[in-house]
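Novice: Sharing the feature lines straight out of TrEMBL:
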DOMAIN    33-273  domain 'G-protein coupled receptors family 1 profile'
TRANSMEM  18-41  transmembrane segment
TRANSMEM  53-75  transmembrane segment
TRANSMEM  90-113  transmembrane segment
TRANSMEM  133-154  transmembrane segment
TRANSMEM  180-201  transmembrane segment
TRANSMEM  221-242  transmembrane segment
TRANSMEM  254-275  transmembrane segment
Amino acid sequence: MADANSSTPEVIVFLTHIAPYTLIVISIISLVGNGTILLVVAKNASLRQKDCLYLIAALAVADFLTAAGTIPYALNIAINDNINCTVGSIFWSVAGNVSGVRMNQICTLFLAIDRIYALFQPFAYYAKNHLKIAQFVIFISFLWSASEMASNIFGADLSEAKTSCTTTVAFPNGFRIYRIFSSVVLNIGTQLLYVVVFWKLRSLKADSKLPQDSKDRLQQANTTVSILFLTSMIFMVLPSIWSVYSFFVQTVKLGPIFGIFACLNGAINVFIYGWKHKDFKAAIKTTFGRKTNQIRTEQEHN
């Protein structure tokens, strides 16, 4: 690769070479999976009445956009062999990926706030219009991410050729510093908020006055969100910390390899919804079980 040099470990060179093809595969899985989740939410009205399901759907929207935006980014790297891409081609190919990752960070932050509000003010929480809250979160996260991309396009020389096709070479240093540190603040701040969630959960479990059905409902929602935060820490927080470290130490740049983490986060989230949340699991069986039974009946009839 053009951006590889003698000081770059061979394993990093190899991973960078296969990264765009890996990105495409993972993005397709995430795209289909999150699209399925959104379809299930749209077709099951009862599902939308459950704890934090609207915000989980908002997170699925962010993951869907990340996956859809990563495919052109990966194709641009693969077609050009990560060499001599113009600023314009990098901007347009990476816009969806960069915007989707930022939306994911904001939606995950609001999920933490949602859980804290539900645990500390349960009566006020259930009185809220959660659909409007989720719509607000999607709007704010989209506006934030779109404004970030727009601020870089204006005034940039889109025809300028760069040494590679990654976001690192396309964005100005000021934006790169802002992006790195804002990501760290959002990701670590979200994890710190969830420490409060875990503390409150422990106190609620010890509260004998709380009805058992309320405990079960809270446990169901919080177990799902807990695993989502664990995957967020692995695939979003740790890479962002590495970005800060590499910024100061000037160590090996991982380039498009980092994109794999964001896409993996979105793809794994889908399996968490279907595996750990019993209402999601039941809704998926209901949505696709009808079609399976209908096809089986038609085949038996024929």
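Backbone N, Cα and C atoms are what each Cβ position is placed from, and that goes for glycine too.
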Novice: Just to confirm my parser: what is the rounded mean pLDDT across the domain 'G-protein coupled receptors family 1 profile' (33-273)?
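Specialist: Residues in the domain 'G-protein coupled receptors family 1 profile' (33-273) carry a mean pLDDT of 82 in this prediction.
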Novice: Verify whether three or more Cβ pairs under 8 angstroms connect the transmembrane segment (133-154) with the transmembrane segment (53-75), leaving out any pair fewer than 6 apart in sequence.
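Specialist: By the criterion, they touch.
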Novice: Out of 18-41, 90-113, 133-154, 221-242, which stretch has the largest tally of CB pairs under 8 angstroms to the transmembrane segment (180-201)?
Specialist: 221-242
Novice: Sort out the residues at least 6 away from either end of the transmembrane segment (90-113), same chain, that have Cβ-Cβ distances under 8 Å to it, and list them.
Specialist: 52, 55-56, 58-59, 61-70, 72-73, 75-76, 137-138, 140-142, 144-146, 148-149, 152-153, 156, 158, 162, 165-167, 169-170, 183, 186-187, 189-190, 193-194, 197, 225, 228-229, 232, 236, 259, 262, 265-266
Novice: Give residue numbers and ranges for long-range contacts of the transmembrane segment (133-154): same chain, 6 or more residues beyond its ends, CB-CB under 8 A.
Specialist: 54-55, 57-58, 61-62, 91, 95, 98-100, 102-103, 106-107, 110, 114, 170-172, 175, 179
